[in-house]
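Colleague: Here it is, the structure in full.
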Amino acid sequence: MFRTCTKIGTVPKVLVNQKGLIDGLRRVTTDATTSRANPAHVPEEHDKPFPVKLDDSVFEGYKIDVPSTEIEVTKGELLGLYEKMVTIRRLELACDALYKAKKIRGFCHLSIGQEAVAAGIEGAITLDDSIITSYRCHGFAYTRGLSIRSIIGELMGRQCGASKGKGGSMHIFAKNFYGGNGIVGAQIPLGAGIGFAQKYLEKPTTTFALYGDGASNQGQAFEAFNMAKLWGLPVIFACENNKYGMGTSAERSSAMTEFYKRGQYIPGLLVNGMDVLAVLQASKFAKKYTVENSQPLLMEFVTYRYGGHSMSDPGTTYRSREEVQKVRAARDPIEGLKKHIMEWGVANANELKNIEKRIRGMVDEEVRIAEESPFPDPIEESLFSDVYVAGTEPAYARGRNSLEYHQYK
């Protein structure tokens, strides 16, 4: 009965043309340098907006009109986005070095190459909006307002860490940032729950529930989509499609790889996740749509991770080194924005070099402070403290060890 089936293991080739378009699957570009602006229209003032034209192929919609490709930005916004992305990359490179020096143990998932997604989303929302994501969370933790030392300290298990050194890489939290989640796809229904709370409290805010292409096949994703549509929740389900779920390409694991269409009855938006300006514009559009209509939206950011799935994965057994080098050389999100900044006269190479030098020094100093922070006290009580944010603890708790049969305060 299976004679007519395609042989297991054969998948269509994914071809990338010179413009960065993925042939045969989708029309969105992954080029980070397609935006256009006239340098003559760029004002001297850092807070005065000027027009930028995004490429027509940075968006693709499903049951929804795509955002306008005519946007306005300021010098200050562009430099702020550049600083955010450079800081995230320096943070992740520091994590890489500390892990290899065995100062970070356990799980550690880096987002080098995906910086435009975190920076662009944060630039489009406020700190009153919420974000929940997967274990690849360091960049989002930083954009949500955590210090570098609190992130690095958490990874090294130090008291200065965001979770007092007891959560590790996958369990980092801040106000309106709900992690870092260690279970694949677990954050998707939790994101729907945050959206429910926002609607119940009548807040004009939205939630970004981010997950990867690998997690998109989890059953709980579809359950969350259904409830969000049924109840009209202001949630943006955002898939960071970095092409590989652990070591399996999307084409080998998913019968349908257009993840922005997975909601069926929920509109979707495909976005060039390597272009921070496209991410910024799409995220502004998504927030406006979900808040004003009290409805969910699916998004897919087409991006790429340079490293392996985690620090224990070299990332070269299921893809070639040439593939990674080609993307890094041609479509790097930081280099793409850097090119625009210089071409449009926002800043020159020397000014950008000074920014990079300042960020490198800041990250190095934060790492030094984190390394000097002590470990949690090696006593039994430490295992059961810092479960809740100070001031939010329940009046009573029980069952923290086998001898506690009664409630206690």
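Every residue number used here counts from 1 along the chain in the order it is shown.
Yeah, the Cβs are placed from backbone N, Cα and C, and that goes for glycine too.
Sharing the feature lines straight out of Swiss-Prot:
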{"type": "BINDING", "residues": "H109, Y135, R136, A174, G182, V184, D213, G214, A215, N242, Y244", "note": "pyruvate binding site"}
{"type": "BINDING", "residues": "Y135, R136, G182, V184, D213, G214, A215, N242, H309", "note": "thiamine diphosphate binding site"}
{"type": "BINDING", "residues": "D213, N242, Y244", "note": "Mg(2+) binding site"}
{"type": "MOD_RES", "residues": "T6", "note": "phosphothreonine"}
{"type": "MOD_RES", "residues": "Y306", "note": "phosphotyrosine"}
{"type": "MOD_RES", "residues": "S310", "note": "phosphoserine"}
{"type": "MOD_RES", "residues": "S312", "note": "phosphoserine"}
Colleague: Find, for the listed recorded positions N242, S310, S312, the residue with the lowest Cβ contact count at a 10 Å cut-off, counting only other Cβ atoms.
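Modeller: Candidates: the recorded positions N242, S310, S312. Fewest Cβ atoms within 10 Å: S312.
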Colleague: What same-chain residues, at least 6 away in sequence, bring their CB to under 8 Å of the CB of R136 (pyruvate binding site)?
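Modeller: Residues satisfying the criterion: H109, L110, S111, Q114, G212, E240, R305.
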Colleague: Within 10 Å of G182 (pyruvate binding site) (Cα to Cα), which of the recorded positions Y135, Y306, H309, S310, S312 do you find?
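Modeller: So the list reads Y135.
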Colleague: Residues with Cβ closer than 8 Å to the Cβ of Y244 (pyruvate binding site), same chain and 6+ apart in sequence?
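Modeller: The list for Y244 (pyruvate binding site) reads D213, G214, A250, R305, H309, Y318, R319, given in order along the sequence.
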Colleague: Among the recorded positions Y135, Y306, which residue has the largest number of other Cβ atoms within 10 Å of its own Cβ?
Modeller: Y135
Colleague: For A215 (pyruvate binding site), which residues in the same chain are close in space, meaning a Cβ under 8 Å from its Cβ, but six or more apart along the sequence?
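Modeller: The answer is S134, V184, G185, I188, A221, G245.
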Colleague: For Y135 (thiamine diphosphate binding site), which of the recorded positions N242, Y306, S310, S312 has the nearest Cα in space?
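Modeller: Given the candidates N242, Y306, S310, S312, the nearest one is S310.
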Colleague: Which whole-number value in Å describes the distance between the Cα atoms of S312 (phosphoserine) and Y306 (phosphotyrosine)?
Modeller: 14
Colleague: Just counting, how many other CB atoms are there within 10 A of the CB of D213 (pyruvate binding site)?
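Modeller: So the number of other Cβ atoms within 10 Å of D213 (pyruvate binding site) is 23.
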Colleague: Enumerate the residues of the same chain, D213, N242, Y244 excluded, that satisfy the criterion Cβ within 8 A of the mean position of the Cβ atoms of the recorded Mg(2+) site; list them in sequence order.
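Modeller: Other same-chain residues with Cβ inside the cutoff are G212, G214, E240, N241, K243, G245, S249, A250, Y304, R305.
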Colleague: Under a three-state reading of DSSP, tell me whether D213 (pyruvate binding site) is helix, strand or coil.
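Modeller: Coil, per DSSP.
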Colleague: Measure the Cβ-based neighbour count of H109 (pyruvate binding site), defined as the other Cβ atoms within 10 Å of its Cβ.
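Modeller: Total other Cβ atoms inside 10 Å, all chains included: 23.
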Colleague: Which has the fewest other Cβ atoms within 10 Å: G182, H309, the binding-site residues listed?
Modeller: G182
